[in-house]
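Q: My questions all concern the structure below.
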Amino acid sequence: AMAVLRSLGSLLCLCALRLPAPPAGTGAAARGLDVASYRERVRAMFYHAYEHYLESAFPYDELRPLTCDGQDTWGSFSLTLIDALDTLLILGNVSEFQRVVNVLQEGVDFDIDVNASVFETNIRVVGGLLSAHLLSKKAGIEVEVGWPCSGPLLRMAEEAARKLLPAFQTPTGMPYGTVNLLHGVNPGETPVTCTAGIGTFIVEFATLSHLTGDPVFEDVARKALKALWKNRSDIGLVGNHIDVITAKWVAQDAGIGAGVDSYFEYLVKGAILLQDKELMSMFLEYNKAIKNYTKFDDWYLWVQMYKGTVSMPVFQSLEAYWPGLQSLIGDVDNAMRTFLNYYTVWKQFGGLPEFYNIPQGYTVDKREGYPLRPELIESAMYLYRATRDPTLLELGRDAVESIEKISKVDCGFATIKDLRDHRLDNRMESFFLAETVKYLYLLFDPDNFIHNDGSVFDVVITPYGECVLNAGGYVFNTEAHPIDPAALHCCRKRKEEQWEVEDLMREFYSLKKNKKFTLKRASDHGEGESAKDPEDASSEKGGEKRNSKKSSHSLLSCPSQSFNSRLAVLGQVFLDNA
């Protein structure tokens with residue numbers, strides 16, 4: 001396991017790097033795929049759905065595309081607007097991003113008597129607001145002094161997250177699935193929560209803690225993760241639903257799909273975001289058990305968590321995130337084989353049915369629908385970054401063609417109720433604009449800022465010194481909201497004396513503020529010059545002290561690379577020969 005972790009550290013460092021061009025004759029052009037054309041078709045898809053949401057459904061959560069009206073689904077937050085916000089910037093629409101930020105600040109209220117899903121509110125609302133907050137400066141918004149450690153969207157994200165904290169007040173530390181935003185957990189609320197609903201908080205909550213200086217969010221997320229780990233079976237598997245009061249497993253089916261999926265995803269992404277070897281070690285142990293008991297011919301089945309016997313020989317569409325996750329740990333060959341299995345299902349139906357019976361090769365009764373989910377497209381995007389295999393672009397092409405042909409209606413894109421006869425349902429989930437369209441666009445846009453290889457970055461000034469942002473390596477939450485990992489190292493717990501000299505620091509750095517640097521520009525500063533800057537020195541010293549508590553420079557840290565210029569690592573600028 002230690003050898004795997006060492007190699008993994010190197011692989012994670014490559015995640016944000018631009019890969020070399022594929023050999024001549026093997027790319028998409030060789031197969032006649034016009035990438036630019038499909039990119040523009042995806043852009044048109046977004047605006048067809050987005051504009052009809054604004055016209056017919058706002059301020060409701062979601063658009064009902066068959067009746068051209070709206071409905072509240074997850075808590076009355078204008079959810080589609082929050083979920084689509086960072087997609088606007090990825091598509092390059094700065095003006096609309098700015099307008100929507102103002103609309104959300106004025107119109108969204110979390111002090112409402114609504115029973116909300118703890119899981120969905122976190123990934124869609126908290127995640128969406130955090131991502132938009134960290135992208136605000138890139139979107140041309142005049143950020144307040146202290147950003148990214150302060151700002152209106154950050155305060156909104158924190159307010160929403162605090163509404164969820166009562167759910168974590170259980171004997172086990174595992175949260176209830178539902179909370180009332182005004183009154184907390186309702187008396188008589190069921191204590192049974194799915195595994196994903198317990199283990200899908202570390203990305204958003206750790207980001208909140210690092211930006212605000214309040215450790216409570218990361219603490220409750222870690223406690224919940226560790227409670228699941230503690231209650232795994234003797235053969236190393238977790239079930240589907242657990243009683244958060246007694247820690248007894250209620251549903252004992254183990255797999256990688258619905259009810260479990262993002263728990264595994266957040267162990268990997270939490271490890272990357274926080275450079276946390278404990279989280280990665282937990283995932284690698286799970287991965288061994290998953291391969292031993294659930295993997296058959298590059299498919300993953302459902303098994304009994306204590307015995308390992310097959311309980312459901314089905315593929316669920318939500319499982320299609322797994323090849324993308326495998327690519328993040330460097331297991332690209334296995335990822336491609338599984339992806340190709342899933343792609344055959346897409347080709348069979350023009351989409352992924354919710355459940356697919358593997359031995360029979362057909363849909364499962366009452367699970368024939370496709371609500372425009374993103375997971376297979378998500379995996380294609382990750383794998384294309386890793387391999388440049390044109391087959392992955394072909395999946396993107398097929399997705400655009402299928403969604404436009406089957407799902408497009410006058411007022412948006414409708415959920416496909418049945419892939420066999422293409423009947424539609426009157427719903428367009430917010431994840432269509434947050435995830436499906438975003439991953440499609442990024443698949444067809446290799447030069448998007450999200451794919452930044454670190455050659456361009458911003459240096460911003462906080463009350464704690466210089467901070468490097470927008471250098472790439474974004475970590476997507478499970479709703480496809482990108483988090484800049486460098487931002488987590490910009491903000492130390494606020495000390496009163498630091499804020500007293502804030503104005504002096506602003507004046508001192510006024511000539512450098514808001515400048516953009518490239519690797520060439522950064523390399524012009526010699527090591528000696530950097531050492532003479534007392535603010536930089538104190539920032540580096542403080543950063544080392546802060547990071548040492550959690551062994552940030554662990555086996556997951558990037559080894560010294562063969563670059564002769566500065567790189568942005570852990571939010572600091574350093575020389576590789578320092």
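Using N, Cα and C of the backbone, Cβ positions are placed for all residues, glycine too.
According to TrEMBL:
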- 1-20: signal peptide (SIGNAL)
- GLU120: active site, proton donor (ACT_SITE)
- ASP261: active site (ACT_SITE)
- GLU354: active site, proton donor (ACT_SITE)
- GLU375: active site (ACT_SITE)
- 522-559: region 'Disordered' (REGION)
- 522-546: compositional bias 'Basic and acidic residues' (COMPBIAS)
Q: Give the distance between the Cα atoms of GLU120 (active site, proton donor) and ASP261 (active site), rounded to the nearest whole Å.
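A: Rounded to a whole number, the Cα-Cα distance is 14 Å.
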Q: Excluding near sequence neighbours, so keeping only residues 6 or more apart in the same chain, what lies with its CB under 8 A of GLU354 (active site, proton donor)?
A: GLN316, SER317, LEU318, VAL364, ARG367, GLU368, GLY369, TYR370, PRO371
Q: I'm trying to understand the geometry here, so how far is the Cα atom of GLU375 (active site) from the Cα atom of ASP261 (active site), in Å to the nearest whole number?
A: 11
Q: Can you check which residue among the active-site residues GLU120, ASP261 has the largest number of Cβ atoms within 10 Å of its own?
A: ASP261
